[in-house]
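These come from TrEMBL:
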- 45-68: transmembrane segment (TRANSMEM)
- 80-104: transmembrane segment (TRANSMEM)
- 110-134: transmembrane segment (TRANSMEM)
- 141-163: transmembrane segment (TRANSMEM)
- 175-196: transmembrane segment (TRANSMEM)
- 208-229: transmembrane segment (TRANSMEM)
- 241-260: transmembrane segment (TRANSMEM)
- 305-326: transmembrane segment (TRANSMEM)
- 334-347: compositional bias 'Basic and acidic residues' (COMPBIAS)
- 334-365: region 'Disordered' (REGION)
Amino acid sequence: MQTYLLSQQFNTRSLAENSTACPANATICNGTSCVLPEDNFNETLSIILSAVLTIMLALVMFSMGCNVELKKFWGHIKRPWGIFVGFLCQFGIMPLTAFLLSLVFDVLPIQAVVVLIIGCCPGGTASNIIAYWVDGDMDLSISMTTCSTLLAMGMMPLSLFVYTKMWTDSNTIVLPYDSIGISLVSLVIPVSFGIYVNHRWPGKAKIILKIGSIAGAFLIVITAVVGGILYKGSWIISPKLWIIGILFPAAGYSLGFLLARIAGLSWHRCRTVSLETGMQNTQLCSAIIQLSFSPEQLELMFTFPLVYSIFQLLFALLILGGYRVYRRHRVKTKTDVEKTEEKEDSKSASSHAKINGGFVSNETK
């Protein structure tokens, strides 16, 4: 009986040890060696994130459309000087800057290609949200994003053919035209509904716009946070790519603003062109490199779009903060000047009345 109890205790202890050594979801267990099923957490989270962000983005772009006036929007299409300047920035400045940065820092050929792909991508929809917060020209912002996404179907292959010759065959780069088309549809349809609402019910459109602008800010933050969670194991990259990831968006914002100012655009349109130039569609870049390169090559290049998206957002927030401080200071200064002028006018009116013995109104006392 005692031997039986000892045997039972031993078996129980062995089962307990095996149960701690092998998780319950193990498919094969041999002692401490276990085969676990593939962890699909990131894949599941990515699918959920894509669905949620797509819906949120559509709602935000609908609200942005509520700030677009049909006549002004059509005016930009009929007289596309602002759109043309944006086109030169998007498909002229950005690919050339990517090419020069890759040469200066002498990165690996495969890394130079991903920098160039970022430079050739169209503008991202986040630029429309930031443009609203910096009092940009929303009609120009929406029309530039739409046109750059549409023109990307032809300009991206052309730019990649011109700039990637010294590093790789441009025919090896697969452009996901379906993704570009989806981006275009997800932009045009909700914005069109927003423009219609603004045309029919301008009072309601203002309320929708305020809610959507706040939701847009949350959307940008959520995308950055969840992206960091999904790709937390992919941040070990060359220091050169980190430096390029910092300099590239800063150059895009600066050169876009400078070219727009040289072209004679107004200040609020210069801010708009600057944002449209510096903020790229990094999701499209990620899709392109995943379709075009092997897993071994992706290890050297996959993280760069994420690095670029982080710094393009940080610089955009700095631009927003700087503009808000400037606007507050300017309004305060302007108010102080107006009050000083009113006091001086009041004093001069009183003294003039005393000298001439005239009537002094209650407003000037």
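Each residue, glycine too, has its Cβ placed from N, Cα and C.
Caution: TrEMBL annotation is automatic and unverified by curators.
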Cβ contacts under 8 Å made by the transmembrane segment (141-163) with residues that lie 6+ beyond its boundaries: 64-65, 68, 73, 76-77, 80, 82-83, 86-87, 90-91, 95-96, 98-99, 116-117, 119-125, 127-128, 131-132, 170, 173, 175, 177, 180, 183-184, 187-188, 191, 272-273, 275-276, 281
The transmembrane segment (241-260) versus listed stretches 80-104, 110-134, 175-196, 305-326: most Cβ pairs under 8 Å: 80-104
